Amino acid sequence: MPGKHQQFQDPEVGCCGKYFLFGFNIVFWVLGALFLAIGLWAWGEKGVLSNISALTDLGGLDPVWLFVVVGGVMSVLGFAGCIGALRENTFLLKFFSVFLGLIFFLELAAGILAFVFKDWIRDQLNLFINNNVKAYRDDLDLQNLIDFAQEYWSCCGARGPNDWNLNIYFNCTDLNPSRERCGVPFSCCVRDPAEDVLNTQCGYDIRLKLELEQEGSIYTKGCVGQFEKWLQDNLIVVAGVLVGIALLQIFGLCLAQNLVSDIKAVKANW
């Protein structure tokens, strides 16, 4: 009988997974670099880059931080995944996997803690919003963010309009010389659909009136309660987005680990 010869195929790196991971990460790299550039440009316009102490001078949140942090994380992840896949560099691929895995577990832990400690989270959110209410006039980006939130969720302050008493320009003390005394920002006002020109003085002296008289002119519900209501009303959409992000992260992890295994198998045959 003729001898049977068995042929073994040498292991090779899968091109599909390699270039899919490369393409997947180059998008994140570019987007991250764009966010980071926008953040640094915004800081440059505000003079923060020439005066780093300005970062700590602001009592509230500087929204530019979101662009810088998100852009920085996306840039680092995108670079490691992109170059690691293209150059078949196991160190960069492992770094990508560990970094992405750490972010995933931090997100998972944050979600669990937010569910378990709902009351504590609510109190912290109240405190966070009120700290930003105090700093409303200190930073234009923060001011625009608060105005957007109050208009979008039809709310005013953390718990209600009286939270604006925390701001030096809007408080009702006799020593306050501001024209905005006992008022609220225009973003708290109930807009008239027929009004073409925005009335930025609509909130002046409004808190001198009784609460029932305020209801037709300004939003009387707090932003924390309105945000919770929005989450409940859009729970399916929010959950879908979060699950989608988690699946993308798991998919990226699997691709990176599979590529590392292929590279190790090829190197083992050298």
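Each residue, glycine too, has its Cβ placed from N, Cα and C.
What Swiss-Prot records for 1-19 (among others) is topological domain 'Cytoplasmic'.
For 20-40 (among others), the entry in Swiss-Prot reads transmembrane segment, with the evidence type sequence analysis.
Annotated topological domain 'Extracellular' per Swiss-Prot: 41-63 (among others), in sequence order. Residues belonging to the topological domain 'Extracellular' (41-63) score a mean pLDDT of 71 in the model.
The N-linked glycosylation site annotation in Swiss-Prot covers N51 (among others) and is backed by sequence analysis.
Feature annotation from Swiss-Prot assigns transmembrane segment to 64-84 (among others); the stated evidence is sequence analysis. Proximity of distant same-chain residues to the transmembrane segment (64-84), defined by a Cβ-Cβ separation under 8 Å and at least 6 residues beyond the stretch ends, is recorded for 21-22, 24-40, 42-43, 46, 48, 90-93, 95-96, 99-100, 103, 141, 252, 256, 259.
Listed by sequence, the residues of this chain that lie at least six past the ends of the topological domain 'Cytoplasmic' (85-94) yet keep a Cβ under 8 A from its Cβ atoms are 13, 18-19, 21-22, 25, 256, 259-260, 263-264. The annotation topological domain 'Cytoplasmic' is assigned in Swiss-Prot to 85-94 (among others).
Taken from Swiss-Prot, the feature transmembrane segment applies to 95-115 (among others). The list of residues near the transmembrane segment (95-115) in space but at least 6 beyond its ends in sequence, with Cβ under 8 angstroms from a Cβ of it, reads 25, 73, 76-77, 80-81, 84, 121, 242, 245-246, 249-250, 252-253, 256-257, 260.
When the topological domain 'Extracellular' (116-234) is classified with DSSP, helix, strand and coil residues number 58 helix, 2 strand, 59 coil. Among the features that Swiss-Prot reports, topological domain 'Extracellular' is placed at 116-234 (among others), with the record citing sequence analysis.
If you look up Swiss-Prot, you'll see C155-C223 (among others) marked as disulfide bond, on the strength of similarity to another entry. On its own chain, C155 (disulfide bond) has A149, C188, Y219, K221, G222, C223, G225, Q226, F227 as residues at least 6 apart in sequence with a Cβ closer than 8 Å to its own Cβ.
Residues or ranges marked as disulfide bond in Swiss-Prot (evidence: similarity to another entry): C156-C188 (among others). Residue environment of C156 (disulfide bond) contains 28 other Cβ atoms, counted within 10 Å of its Cβ in all protein chains.
Neighbours of N171 (N-linked glycosylation site), defined as other CB atoms within 10 A of its CB across all chains, total 17. Swiss-Prot lists N171 (among others) with the feature N-linked glycosylation site, giving sequence analysis as the kind of evidence.
Annotation source Swiss-Prot lists disulfide bond at C172-C182 (among others). When Cβ atoms from all protein chains are considered, those within 10 Å of C172 (disulfide bond) total 14, not counting its own.
Look at Swiss-Prot and you will find C189-C202 (among others) tagged as disulfide bond. For C189 (disulfide bond), the same-chain residues that are 6 or more apart in sequence and have a Cβ closer than 8 Å to its Cβ are N199, C202, G203, S217, I218, Y219.
Sequence-distant contacts of the transmembrane segment (235-255) (same chain, at least 6 residues past either end, Cβ-Cβ under 8 Å): 17, 20-21, 24-25, 81, 96-97, 100-101, 103-104, 107-108, 111. Among the features that Swiss-Prot reports, transmembrane segment is placed at 235-255 (among others), with the record citing sequence analysis.
Residues or ranges marked as topological domain 'Cytoplasmic' by Swiss-Prot: 256-270 (among others). The helix, strand and coil residue counts that DSSP assigns across the topological domain 'Cytoplasmic' (256-270) are 13 helix, 0 strand, 2 coil.
If you take the Cα of N171 (N-linked glycosylation site) and the Cα of C182 (disulfide bond), they are about 5 angstrom apart, rounded to a whole number. Same-chain residues at least 6 positions away in sequence with a Cβ under 8 Å from that of C182 (disulfide bond) are, in sequence order, F170, N171, C172, D205, I206, R207, L208. When Cβ atoms from all protein chains are considered, those within 10 Å of C223 (disulfide bond) total 27, not counting its own.
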